[in-house]
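Peer 1: Have a look at the structure that comes next, please.
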Amino acid sequence: MAKFSALCSLALLGLATAQKPVGTETHEKLTTFRCTVAGGCVEKTNYIVLDSITGHRIYQPAAETLDCGARGAAPNVTACPTKEACAENCAMEGRTDYGSQGVSTDGASLRLQILHDGKKVAPRVYLLDETEAKYEMLRLTGNEFAFEVTMDKLPCGMNSALYLSEMEEDGGKSELNPGGAPWGTGYCDAQCYVTPFINGEGNIKGNGACCAEMDIWEANSRATHIAPHPCSKPGLYLCEGDECGSTGVCDKSGCAWNPNRIAQPHYYGNNDTFKVDTLKPMTVVTQFPTDASGKLAAIRRLYVQGGVVIKAETVHKAGLPEVDALTDPFCEAFGSQRYMALGATGGMGDALARGMVLVMSIWWDETGGNMQWLDGIASGSGPCNATEGAPANIPLVEPNPEVTFSNLKWGEIGSTFQGGARRL
């Protein structure tokens, strides 16, 4: 396992200049690949950084037992009456051992565990570029992205997520956030969540942090889901009131492609009777082809398992077009009204062309929904009953839920994978 440390300084800490440095931040090194049809894949070096809020201790140095706020609300009003005071009064402690947060790398593999010594850690991490100073910006319109995944330890209720967020390349680095990307700041997505800090600065007004989100992979061993989530505003947008809601600036639901929801229950599952057997490692390929004008026209999925390419099946369900990829006609027929209203596939492609940050995480649902939207019988999304995906029940089935993402590759369509005869 390769790890790289940088001594925290006032310029790297992510705090105002009056704040003292607090230790070191150690990034995990990860080998990735850039690919072309003519030249094949070239090895590159990237780094992994934990999210600033969920992966670090943020506290008040003047009263170290006190934090500076919780997810879902503006920051602590005593510590953060203003952004400037918030930067002065709140410290973020560096992480020297990502393993304690369920994160480890080995060459081209990234392992994420939801539990560490029996305690929930649910890590969310971002991909830094080779300098460790900013995020790697992926521009996938007209290209494809591939990765290998081992996920046999993800039962009902788990979610291994690999997706893109239109975060800022520098993580919102500023006078009040001199740390930026190396400290995992700047997260946003189409759910427009309220967090104590946005772009590393105190979120005094309690805004939501909105931006386009491309869910390439949300999955466990029982169900999988692709969902683009376009927004009407480019980049990070601070929403207020109704702008943050279900009819606001971002498509919260997205247009989902889940084999179970399109009458293909035999396609993906946890034994060898399924076309894609989740108990075995697989390569997941997602393609983003364009039309003649250069606009994103579709989002296409295929798998490679055992040296065999497994294409997406053509939809044969009443009311839906007979397509084998996520397209505007599919999304419109599926009832994805906000998706269509907020730019649809072309709008998602615009965000992908501008550049997005790669996010990877593992989590379970503690809101009471038990991840039924992803894998539940009631929602038509999978084979899981209403209670087996409850966080209290998951460790009874699998004591150590985890996922390993390996060999991340992106480049020209057709350049990231190899396989034998297609299996339909």
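Cβ coordinates come from backbone N, Cα and C, glycine included.
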Peer 1: Check Swiss-Prot and name the cysteine among CYS41, CYS90 that pairs with CYS68 in a disulfide.
Peer 2: CYS90
Peer 1: Name the cysteine that pairs with CYS255 in a disulphide bond per Swiss-Prot, restricting the answer to CYS86, CYS156, CYS331, CYS384.
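Peer 2: Among CYS86, CYS156, CYS331, CYS384, the cysteine that Swiss-Prot links to CYS255 by a disulfide bond is CYS331.
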Peer 1: Looking only at CYS188, CYS211, CYS231, which is named in Swiss-Prot as the disulfide mate of CYS250?
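Peer 2: Going by Swiss-Prot, CYS250 is disulfide-bonded to CYS231.
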Peer 1: Could you measure between ASN271 (N-linked glycosylation site) and CYS86 (disulfide bond) for me? Cα positions, answer in whole angstrom.
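Peer 2: The Cα atom of ASN271 (N-linked glycosylation site) is 52 Å away from the Cα atom of CYS86 (disulfide bond).
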Peer 1: How many other Cβ atoms sit within 10 Å of the Cβ of CYS90 (disulfide bond)?
Peer 2: 27
Peer 1: Over all shown protein chains, what is the count of other CB atoms within 10 A of the CB belonging to CYS239 (disulfide bond)?
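Peer 2: A 10 Å sphere around the Cβ of CYS239 (disulfide bond) contains 19 other Cβ atoms.
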Peer 1: Specify the secondary structure state of CYS210 (disulfide bond) as given by DSSP, simplified to three classes.
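Peer 2: DSSP call for CYS210 (disulfide bond): strand.
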